[in-house]
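Q: In case it helps, TrEMBL gives these features for our protein:
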{"type": "SIGNAL", "residues": "1-25", "note": "signal peptide"}
{"type": "DOMAIN", "residues": "30-337", "note": "domain 'Plant heme peroxidase family profile'"}
{"type": "DISULFID", "residues": "C40-C121", "note": "disulfide bond"}
{"type": "SITE", "residues": "R67", "note": "site 'Transition state stabilizer'"}
{"type": "ACT_SITE", "residues": "H71", "note": "active site, proton acceptor"}
{"type": "BINDING", "residues": "D72, G77, D79, S81, E94", "note": "Ca(2+) 1 binding site"}
{"type": "DISULFID", "residues": "C73-C78", "note": "disulfide bond"}
{"type": "DISULFID", "residues": "C127-C333", "note": "disulfide bond"}
{"type": "BINDING", "residues": "P169", "note": "substrate binding site"}
{"type": "DISULFID", "residues": "C206-C238", "note": "disulfide bond"}
{"type": "BINDING", "residues": "D256, T259, D264", "note": "Ca(2+) 2 binding site"}
Amino acid sequence: MSMAMLFLLSLVLASSAPRLAVVEALVVDGLKMGFYNRTCPEAEQVIRNVVQTEVGMDRTIAPGLIRIFFHDCFITGCDASILLDESPSGDVPEKESSANGFTLHGLRTIDVAKSTIEAMCPRTVSCSDILSFAARDAAVAAGLPSYEVAGGRRDGVHSRMDDLPGNFPVPGHTVPRLTELFQSRGLSQEDLVTLSGAHSIGGAHCFMFSNRIYGFSKTSEIDPSLDPAYAERLRKICPRPRPDDDPEAAPKVDFDERTGQKLDNSYYQELLARRSLLTSDNTLAMDPQTRPLVEQYAKDDALFQKRFGEAMQKVSALDVIIQKTKGQIRRDCRMVNKARGIRWMPMLHFPKPPKHPMLQMINWFIRGFQRD
Ligand code: HEM
């Protein structure tokens, strides 16, 4: 190669180097900041407006959206599989798992965002991206400083309730099992402590923690790791469980008694004061491995809020579908698109017997409260 050619080549490389660096900084696991800048520039703003409006009318939508997002990404990645009402394979969908079911809150907000966006930019913005943006906007509406969310996820076409058992954290788990589960999804123990801070907003139904306040053990009616005055307050709100209770009618208690609508570090202060609802929360303050970080967050709200945003970014990149040949951009977040050119064959559907609410509860007691 002549000297002139080498000189030209070095000029080209030098001029392209900074551009490459910028592109690299914007790409996260195949996802891209500003992914819809050209194809649907208003998308992120529209989602933000929808979330702000809905949360403005009902504050409980914010925790609901963050939870749907986490439950979606933890099982088979951020593919909006949790939003499907039915799976084409005929499997019972994730939505019907006892970890989801009627306790999922905020699904309608995603429907509103999707239909608004579909009217503007048909078949362009995936449900999984909408959910990731909406979870960020919900966190911001609850007081978290904003963080960037990359786009480019495609929607999955499968959803199976059976993917949850054994792969999903339940209220009775303690640090070793929680750590194991988080690590199996590429999340660290620090992420576990940080993301559990989502329980700074929203709440839990009494049956999720009634084992701690009624008949806890042979020697103690109440979990001795609970502040006794707090346990008494919980018993006033949550009556002793009875076999004919309707879980959907169970009272719901705020995780954080003091600032239950603000995504802040008071959750960690409450943990240290032995005021927590779930065993899986309490264990973070009890276990010597996680307690130091709980103590650090309890003292430093800014640190918690910064790390929470970063951990949510990490969750939003879990097992995303980005190849054009895989997944799809759903038109309706509740169902996969029908194959093009194929008229939808009327399927023979044998309706599943409705699940009695009591069966759901039994399911929780068997799977949910078992200890490792
Ligand atoms: C570490 C293991 C975890 C367990 C065992 C767990 C379990 C639960 C349970 C049982 C509820 C109460 C549901 C109800 O009764 O309606 C709940 C609520 C909630 N969870 Fe978790 N969770 C965990 C981690 C997380 C993470 C990592 C996030 C998000 C990043 C999260 C976000 C939420 C939110 C925001 C609520 C309140 C929902 C509402 O009020 O509508 N959780 N969780």
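Quick reminder: no glycine exception, Cβ is built from N, Cα and C everywhere.
Fair warning: this is a prediction, and the values are worked out from it, not measured in the lab.
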Q: Based on DSSP, name the secondary structure state of C127 (disulfide bond): helix, strand or coil.
A: helix
Q: Of R67, P169, C206, D264, which recorded positions come close to ligand 1, meaning Cβ under 6 Å from one of its atoms?
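A: Once distances to ligand 1 are taken from each Cβ, R67, P169 fall under 6 Å.
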Q: C73, C121, C206, C238, C333: which of these disulfide-bonded residues has the sparsest Cβ neighbourhood within 10 Å?
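A: Comparing Cβ neighbour counts within 10 Å for the disulfide-bonded residues C73, C121, C206, C238, C333 gives C121.
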Q: Can you tell which of the recorded positions R67, H71, P169, D256, D264 lies nearest to G77 (Ca(2+) 1 binding site) in space, using Cα positions?
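A: Considering only the listed recorded positions, the nearest one is H71.
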Q: Within 10 Å of each Cβ, count the other Cβ atoms and name the one among the binding-site residues S81, T259 with the highest count.
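A: Sorting the candidates by Cβ neighbours within 10 Å, the top entry is S81.
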Q: What is the total of other Cβ atoms whose distance to the Cβ of D264 (Ca(2+) 2 binding site) is within 10 Å?
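A: Taking every protein chain into account, the count is 22.
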Q: Which one is it: of the recorded positions R67, E94, D264, whose Cα lies the shortest distance from the Cα of C333 (disulfide bond)?
A: E94
Q: In DSSP terms, helix, strand or coil for C206 (disulfide bond)?
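A: The residue in question, C206 (disulfide bond), is helix (DSSP, three-state).
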Q: Suppose the Ca(2+) 1 site is D72, G77, D79, S81, E94. Which further residues of the same chain have a Cβ inside 8 angstroms of that site's Cβ centroid?
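A: Filtered neighbour residues, in order: C73, I75, T76, C78, A80, I82, S128, G156, S159.
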Q: I need the neighbours of the Ca(2+) 2 site defined by D256, T259, D264. Which other residues of that chain put their C-beta within 8 angstroms of the C-beta centroid, in sequence order?
A: S200, I201, R258, G260, Q261, K262, L263, N265, S266, Y267
Q: Round to the nearest Å and give the CA-to-CA distance linking C127 (disulfide bond) with C40 (disulfide bond).
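A: Just about 14 Å between their Cα atoms.
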